[in-house]
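Peer 1: Residues or ranges marked as domain 'ABC-2 type transporter transmembrane' by TrEMBL: 122-330. Marked as transmembrane segment by TrEMBL: 142-159, 175-195, 215-231, 237-263, 283-302, 365-383.
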Amino acid sequence: MFHMFDKLLLISEGYPVYYGKARESMQYFSSLRFVPEIAMNPAEFLLDLTTGQVNDISLPEDLRTPRGSLEFEKDIIKYLQLKFKVAIEPKEKASHRVTKAPEHLQSAVQVKKDWTMTWWDQFFILSKRTFKERCRDYFDKLRLVQALGVAILLGLLWWKSTTGTEAQLRDQVGLIYYICIFWTSSSIFGAVYVFPFEKVYLVKERKADMYRLSVYYVSSTLCDMVAHIFYPTSFMLIVYFMAGFKRTVACFFMTHFSILLIVITSQGAGELFGAMVLSIKRAGMIASLILMLFLLTGGYYVQHIPEFIQWLKYISFMYYGFRLLLKVQYSGDQLYECGSKGGCRSLQTSPSFDTVNLNGGLKEVWILLAMALAYRICAYLCLRKRISVCHL
């Protein structure tokens, strides 16, 4: 196969070390005193040279770096690059008639920082590629069966649930918290492995300055939102009406919006955990630990957290998401326990809402939006730092 080549271009670390007729390549390197000491395939010999692996190859006398030293392989490559510039490059320039390159090619060889495409052009191209690559994951049948299956199961377990008594109310509040858990964990683990999985080709393409890192991050996040919106929507259309939640148009859309807000915030957290380490094993471990912490401080298992550790709940988006769903679904002046001896009571007096003011407004919406944005900014900064380290 090697002898079928007419022309041969050898590149080492981005710079040429030979260009010319393939059958003359061995003669050229022999003239430089690089000669195989054992019988060797020409292609293998040339690849060894371009990588600095010259264990069974004699060296020119003017190459003074001792074998086995730390800089030996780099000096071999620098030597070959220098010889190319001296021996081959001038001849090639002289033998080719100088022609003016087209404008788009001239712009393509400008300084790295002068991008040949606008941010939006890169965004549309990269978004199209990202969507094509991940389309099968977005519309995976197993994920759809999981979402619909869990929705139906929950709907059957909480079939037409009511809030007439304290026990019934506690059951429905438990369902709301489980929905938070389900979509928080699904979203975090759906996002935490994205950057670790794509690390190899991301580093490679960033080294070549194929696109801005900001374009990659935004297109990746927005494309992933397709799945993070589609599945919760399908889920809520089933479980909301089966479980007997408040049947008003406004309440349904507010509940749906709250779930999407929790999902988008969880996605941002997952991206941050993945960008922090760029390791599949460690990213999953970090996500599991932080998710457990957020679940415990979400306001369902423990409502009255000791003061010295109360700050944990304020960094948990589960805490704000759960409170938001309770405020959307229930009203403080709504009555229950009307069949009891004590007569009707307002929902606000229930132990389930000891730490939640049901009529206290929806400030959690703004907090979750701020957290979703903060997670993404931090994820982008972490990714940029980690990728720059990988460049080195």
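Backbone N, Cα and C atoms are what each Cβ position is placed from, and that goes for glycine too.
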Peer 1: Sort out for me which stretch, of 215-231, 237-263, 365-383, has the most Cβ pairs below 8 angstroms to the transmembrane segment (175-195).
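Peer 2: Comparing 215-231, 237-263, 365-383: 237-263 has the most Cβ pairs near the transmembrane segment (175-195).
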Peer 1: Counting only CB pairs under 8 A, let me know which of 142-159, 283-302, 365-383 has the most with the transmembrane segment (237-263).
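Peer 2: Ranked by Cβ pairs under 8 Å, first place goes to 142-159.
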Peer 1: Report, as numbers and ranges, every residue of the chain located at least six residues beyond the transmembrane segment (283-302) whose Cβ falls under 8 Å of a Cβ in that stretch; write 'none' if there are none.
Peer 2: 173-174, 177, 180-181, 184-185, 188-189, 192-193, 196, 269-270, 273-274, 276-277, 312-313, 316-319, 321-323, 355-356
